Each structure stands twice: as structure tokens, then as C-alpha cells.
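K.L.:
Quick paste of what TrEMBL says about this protein:
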BINDING   ASP37, SER52, ASP83  Mg(2+) 4 binding site
BINDING   ASP37, ASP83, ASP234  Mg(2+) 3 binding site
BINDING   HIS61, GLU287, TRP339  substrate binding site
BINDING   TYR113, GLY130, ASP131, ARG157, SER236  ATP binding site
DOMAIN    35-149  domain 'PurM-like N-terminal'
Amino acid sequence: MSEQKDLNQLGEFGLIDHLSNEFTTIHPSTIKGIGDDAAVISVSETEAMVVSTDMLVEGIHFNLMYTPLMHLGYKSVVVNLSDICAMNAKPEQITVSLAFSSKFPLEAIEELYKGIKAACDVYKVDLVGGDTSTSYSGLTISITAIGRVQKDKITYRSGANEYDLLVVSGDLGAAYMGLQVLEREKEVFKANPDIQPDLEGFDYIIKRQLKPEARKDIVEFLAELEVVPTAMIDISDGLASEILHICKSSKVGCHIYDEKIPIDGATSLAAIDFNLDPATCALNGGEDYELLFTVKQSDYEKIKGNPHMTVIGHMTNENDGCYFIDKNGSAITLKAQGWNHFGQ
Ligand code: ADP
Ligand code: MG
């Protein structure tokens, strides 16, 4: 019991810090170890390889009651490619490791692999290996993604400076609202299996939950615009949590503005349906897999008017703190309330 309590107190990030404390890197080729979206390994004078692993566990990250296996396969790849994109790198290979119980028929694993194949085709990545095991219960998928980047284009979480602009791709909060709708319909179905799920009007947000995309296109747009962000992270745990990662790593503060946060109309409507504030869903929802990055003010002209990118705030001095400015102009301290699988 006491061990469990300690884990809860540490939280996910505290635990990673705690465990990795004793490790130092010894190879000069290890440019960046633990602490960013992907590790960075030198492969030549000008190029680096980036490597990232993410694990999806049944009952924690997905529910097979409403997650089609093909979508799950696709999403498992995408969440890993998203971390590669967050380094401003191009994904090239993946490995796939699976553990599943004997209750899974061959057809189910084939469906999962159809999704994995679809993602490999869309993102032009090669499946180059993996591992397969049985498990006592449930399905676990662990994917490692490998990418490539020019050394002078690598974008860490730690490079943001005071006065830089904070930019986000796409729109936020949709995947979280999609999850709320799916969870609600699951409960209705459990109570009465004869009632058909009511998903009318929720197509966009459900798609954002079940079939997210990695913003490889944003990395390409930035290259075309000749903009190298000063810092970047992907939004897996919610905007607030990711902004705080950038602020902490870069030793800066920030101001973000409520009215600037891009939220799709369908997300707002669903949020209102659930009595939730759309901005709260964007701040704390997670699983958007959009890119959050900072750029120098002098790059503003290049990204201005781009329909895929929205400036939501700017970086400040570390001592000024991290604030969300609401629609009335009140400054509220930014707090991370994203997913934390260890409770906390
Ligand atoms: P992301 O949300 O971008 O996938 P995480 O929050 O999962 O990143 O991980 C943050 C950092 O901690 C990464 O560098 C990751 O490789 C590292 N990390 C996570 N879990 C472990 C672990 N069990 N052992 C060593 N490093 C880990
Ligand atoms: Mg990430």
C-alpha cells in the first residue's frame, strides 16, 4: 500500500525523473537523452536520428467497446510519429511490439495491422521490426518511431526565449469531447443495449478521438516557410501541460489568451452539451496531437495568415510566471490538469 501511495505522490513525470536520476549518457553520439519528445542521436556531422517510444494499454489508453481495431492500429502509429514531428524531424521507420491474451482472434490482430499499414502508407514510414508476446489479459501496443533531421533544424522543448510568439497548429479540445461522447454512449448502451448510439453531429470530434493525425504537414510547411521554431512539443496531455513543459525546459514564462485558442465549432457545441467550458477542454483535454511551438517575433510575417497555425500568446520572463488571460482580461495561473495515469 505504501509503495502505491509513493507512486501517486510522484506522478508520471516525477517518477520518470526519480528513475532516470542515476543515469548519465556516456556516448558523444547521444545528443539528447531523456526529457524531450524524442531522443536525439548523432549520425553524421550534419544529420541526427530521433527516437521515441509510446505505449497504449487496453483499459487505460483505449476501450475496445468503442474503438475499432483498425483505428487503434492507426492511432498507435500516429501518436509516435507525432513525437518525431515535435522534434521538427521526418519519421522514417517504426517497430511494433504487441502483447495480447488468447481471447484475441487472428482476425482482430489482422484488423489492428490493417490500421498500422494504413498509417505506414499515409506517413510513408517503414515497419522494420517489433516483438510479439501473449499476456494474461488485454492488449498492449508499444511502438518505437525513428526519424531523421538536419542538426541545425532540431527543435527541443528548451529553446524558447522571452518575447517569442507561442503558436499552435489546427484546433484543440476536439479529441477530448469525442471521448466524452463515446463514453456517454457506452454508458447508455450498458444500461440498455437496445438503444442505438446517438452520434449524430459528432463526426468531427469522434474522428479526432479515434483517428488522430500527426502534423507532419506542419513540419513541411515550416521548412517551406524557412521557419525553424525555437521550441516545439506535441499536444498529447493538453495545452496547459505542454505549455508548462516548454516554459520549464526553456526557463521562460508565458501569457496565453483565451480568445486566441483555436476551437472548432463542433467542439464548442459538444462542450456546451456537456456543460463544459470549451477553453477548459482545450487546456486540459489532451490527445489533440497538434504541434505547439515558439517562433521569433521576426518570423511573424512568415506564419501570419497561415490557416494551419494560430498565435495564442507569447513568452515572458521566467520570473513573470505562466498565465492564461481570460476573456475579461483576468490573468489566471496556468496549471497542468492533463492526463495523469498515476492519479496525483
Ligand atoms: P511524450 O508525452 O512526449 O510521449 P513522455 O512524457 O512520455 O513524453 O516522456 C518524457 C520523457 O521521459 C521522454 O524523454 C521519454 O523517453 C522519457 N521516459 C518516459 N518513460 C520512461 C522510462 N520508463 N524510462 C526512461 N525514460 C522514460
Ligand atoms: Mg510528445
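Glycine is treated like the rest: Cβ placed from N, Cα and C.
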K.L.:
So which of ASP37, ASP131, SER236, listed as binding-site residues, have a Cβ under 6 Å from an atom of ligand 1?
P.N.:
ASP37, SER236
K.L.:
Compare the Cα of ASP83 (Mg(2+) 4 binding site) against each of the binding-site residues ARG157, SER236, GLU287 and report the nearest.
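P.N.:
With Cα distances computed to ASP83 (Mg(2+) 4 binding site), the winner among ARG157, SER236, GLU287 is SER236.
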K.L.:
Looking at the binding-site residues ASP37, SER52, HIS61, GLU287, which ones sit with their CA no more than 10 Å from the CA of ARG157 (ATP binding site)?
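P.N.:
Qualifying among ASP37, SER52, HIS61, GLU287: ASP37.
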K.L.:
Quick check: with ASP37, ASP83, ASP234 left out, which same-chain residues have Cβ atoms within 8 Å of the centroid of the Mg(2+) 3 site Cβ atoms?
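P.N.:
What remains near the Cβ centre is ASP36, ALA38, SER52, SER82, ILE84, CYS85, ALA86, MET87, ILE233, SER236.
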K.L.:
With respect to ligand 2, which members of the binding-site residues ASP83, GLY130, ASP131, ASP234, SER236 satisfy a Cβ distance under 6 angstroms to one of its atoms?
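P.N.:
Only ASP83, ASP234, SER236 qualify.
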K.L.:
Give the mean pLDDT for the domain 'PurM-like N-terminal' (35-149) on the 0 to 100 scale.
P.N.:
97
K.L.:
Return the residues near SER52 (Mg(2+) 4 binding site) by Cβ distance under 8 Å, restricted to its own chain and a separation of at least 6 in sequence.
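P.N.:
Residues satisfying the criterion: ASP37, ALA38, ALA39, ASN80, ASP83, ILE84, THR144, ALA145.
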K.L.:
Quick one: DSSP breakdown of the domain 'PurM-like N-terminal' (35-149) into helix, strand and coil?
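P.N.:
Here the numbers are 35 helix, 48 strand, 32 coil.
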K.L.:
What is the total of other Cβ atoms whose distance to the Cβ of ASP37 (Mg(2+) 4 binding site) is within 10 Å?
P.N.:
25
